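Record features (TrEMBL):
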type	residues	note
ACT_SITE	K153	active site, for sulfotransferase activity
BINDING	K153, G154, G155, T156, R157, R234, S242, K359, G360, R361, P362, H363	3'-phosphoadenylyl sulfate binding site
DISULFID	C342-C354	disulfide bond
DOMAIN	144-384	domain 'Sulfotransferase'
Amino acid sequence: MAPPGPAGAHPTSAEPLSRSVFRKFLLTLCSLLTSLYVFYCLAERCQTLSGPVAGTPGRGVLAGGPGELAAWPAAARRKRLLQVRPRPRRRPPSQRDDREEAAGEEEPPGLAGSLGGSGAGSSVAETPPGTLALLLDEGSKQLPQAIIIGVKKGGTRALLEFLRVHPDVRAVGAEPHFFDRSYDKGLAWYRDLMPRTLEGQITMEKTPSYFVTREAPARISAMSKDTKLLVVVRDPVTRAVSDYTQTLSKRPDIPSFESLAFRNRSAGLVDRSWSAIQIGLYAEHLERWLRHFPARQMLFVSGERLVRDPAGELGRVQDFLGLKRIISDKHFYFNQTKGFPCLKKAEGSGRPHCLGKTKGRPHPEIDAQVLRQLRDFYRPFNRKFYQMTGHDFGWDG
């Protein structure tokens, strides 16, 4: 029998037990503190994602910033905020190798491919700062319901950038060139280029070469017979000179405008095979499109009026697309230096924005007699085009 220990001493077996309880207490406390810290970090992260966004109230896009968020039910608010995340920016699979289009219709730096408020100029699926908080739905990629199909040097880039101000328009920034160059890649590939949209929003793209591509009308019709088509047209003589000016800026050694425009200058024989001339035969190109689409699904936008009265022309476009008239005079100011209208606040930015430096580029001097001969050449084509569209664009005055 073991001798008793000193008075007041505890049994030695109790010491390991007390240490074990203390260790468990410390582990529990550390776990609790770690969980609280992680929760705090997540809460702080979600607050940084809930900034103001361009959008339409009631369509799942936060319109007024953090204050607006308070109106949502608490459970739904926590759930959606924790799911919000920026989408990766992706470049289109094929770069814009349309050398004649690239300079004149170039992607504005700061707006390229924004998918946001107005235009989802999606990168060919890109995201603008404004759409990090799609609170009700992450959206889905749809085939375009509207396409700007032409014409080159008509003002297609301006129309696209102006439309991207509208909160219900999501538009690919770069030109996909699907129906003329990449059709063999299939509609699934094409859809993947599109920005994500919410219900009630329109997906758009623009590729001006479609208008003069023989296969494009049938291919777009096969995708959807309900596709709405927009064509920005401009005085074909001025358009041809602008086209030549763009090419000249990249290839200063090309022949003169006169030598390219005529097969026989003295006889006044115009060379229709030159692309700068051929694109302006609007009536001939339109005949192909009307075999596949009714006239009511096509809107012809005046490139001249888009410069003189952008808000008025955008009003027609918004009506055609079934959009509420949101884009108005308050969105524009006229840049006297460039001779073009600019946006007071570009999509995804609070600063004024004008199109690229290639816009408003001075044209070379062209002999007045050459211009008169070209106007005589285009006159019968223009008149036929006026009859087909029901609108006199005034190019023969």
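Here the Cβ of each residue, glycine as well, is placed from N, Cα and C on the backbone.
For the pair S242 (3'-phosphoadenylyl sulfate binding site) and K153 (active site, for sulfotransferase activity), the Cα-Cα distance reads 7 Å. Within 10 Å of its Cβ, the residue among the binding-site residues G155, P362 with the fewest other Cβ atoms is P362. For the pair P362 (3'-phosphoadenylyl sulfate binding site) and K153 (active site, for sulfotransferase activity), the C-alpha distance works out to 14 angstrom. Of the listed recorded positions, namely K153, R157, the sparsest CB environment within 10 A is found at R157. Taking the C-alpha positions, the distance from K153 (active site, for sulfotransferase activity) to C342 (disulfide bond) comes to 17 Å.
Within 10 Å of the C-beta atom of C342 (disulfide bond) sit 19 other C-beta atoms, taking all shown protein chains into account.
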